[in-house]
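Read the structure below first, then the notes.
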Amino acid sequence: MAGKLWTFLLLFGFSWVWPASAHRKLLVLLLDGFRSDYISEDALASLPGFREIVNRGVKVDYLTPDFPSLSYPNYYTLMTGRHCEVHQMIGNYMWDPRTNKSFDIGVNRDSLMPLWWNGSEPLWITLMKARRKVYMYYWPGCEVEILGVRPTYCLEYKNVPTDINFANAVSDALDSLKSGRADLAAIYHERIDVEGHHYGPSSPQRKDALKAVDTVLKYMTQWIQERGLQNDLNVILFSDHGMTDIFWMDKVIELSKYISLDDLQQVKDQGPVVSLWPVPEKHSEIYHKLRTVEHMTVYEKEAIPNRFYYKKGKFVSPLTLVADEGWFIAESREALPFWMNSTGKREGWQHGWHGYDNELMDMRGIFLAFGPDFKSNFRAAPIRSVDVYNIMCNVVGITPLPNNGSWSRVVCMLKSQTSSSPSIPPNSCALVLILLLYFV
């Protein structure tokens, strides 16, 4: 019954009264595929940019992503504070059988349809509605009109941003924040994720990508001082998920060996989580055949574990396959997502992946923050991706929409904790009582 009550509150726009902090500017950096141990205490010794940020601000032990530990679901979880089954962005690849439209990791035209994005209101849209100004750089979805609104400025993602692109975005964002053109600036950077996929999370290439980011961050702290923003700007860095090693030589599950692909209406994605829409009369047969396959679990929709906060999503398929860590599900070996390596052909093997059970250690991400509202040299306990939204709302001084995050997990990061916790006004207390009587 508690779940029904929460759904009711979300649907009808119930929100808490939020005594917000002073309205300061915010710079957000989303570093894709950044695993928590990339900035372990030992690693920080050779990362002066990150080390300075950690010494000046807050570092959590790790951030647990939402399930599935994929990019688009967590992009939206981070910016809404809601689980995937609430905001509806449940995968990098989705299909809507009612309209026969597909979302293919944001690259196809149909991915821009409101169908996929209007399930929840992300922070940048809330700020725009409040007449705040938002600048976004390479951020997936900033080019989309969501609930009839777009950000003030969107530098659209076209190709993987280079290290120079990232540095230029940081510099331009700081200029925009200093001049008053922006109240929030948000920057997405992907290279750590790309190198982790291609070469593996422990590879020299991934480590080089991290060092390049570290160099930009070292300059960023200098640029903040040069622009006189140190007393008026909070900076938050986080990742969407981690990365683990995969081995295509001997850890691939080929669906074509167990079922006829002609018995499927649709297949979406490959890797740790695969969505299947069987021809209706073949559903039971396919389910029972796949139940015997080792190193993966097949779930009918209602049997998906509640802890994933996934199965109530409207785009969730009748059958969901979840691989064991390090295993990769594909229709066949020929259909594996090879990448274009130095040969100029798509024949490069992937050596890292994510999307697995979100509680696995290798799926953990990062959260760092510094600025006038955050404590200095503070280590915080682990948080979850749903928690990030509340802390962002607080430091920009805006009331958060109803969400799944825990304020108690993040309030410890702030210098001032006495006036920042959510409270319920008297008239809302009466509403809660009525709802409890109705639902319980």
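The backbone N, Cα and C atoms fix where each Cβ goes, glycine too.
Among D172, D175, D183, D193, the residue that Swiss-Prot places alongside D32, S71, N92, H241, H354 at the substrate binding site is D193. DSSP assigns S71 (active site, nucleophile) to a helix in the three-state reduction. For the recorded positions S71, N92, N118, H197, N341, N404, a Cα-Cα cutoff of 10 angstroms around D240 (Zn(2+) 1 binding site) retains S71. Using a 10 Å Cα-Cα cut-off around D32 (substrate binding site), the recorded positions N100, N118, H197, N341, N404 reduce to an empty set.
H354 (substrate binding site) and N404 (N-linked glycosylation site) have their C-alpha atoms 23 Å apart, to the nearest angstrom. Counting only the Cα atoms, the space from N118 (N-linked glycosylation site) to S71 (active site, nucleophile) is about 18 angstrom.
Applying an 8 A CB threshold to same-chain residues 6+ apart, the list for N404 (N-linked glycosylation site) reads G81, R82, H83, V86, Y309, V386.
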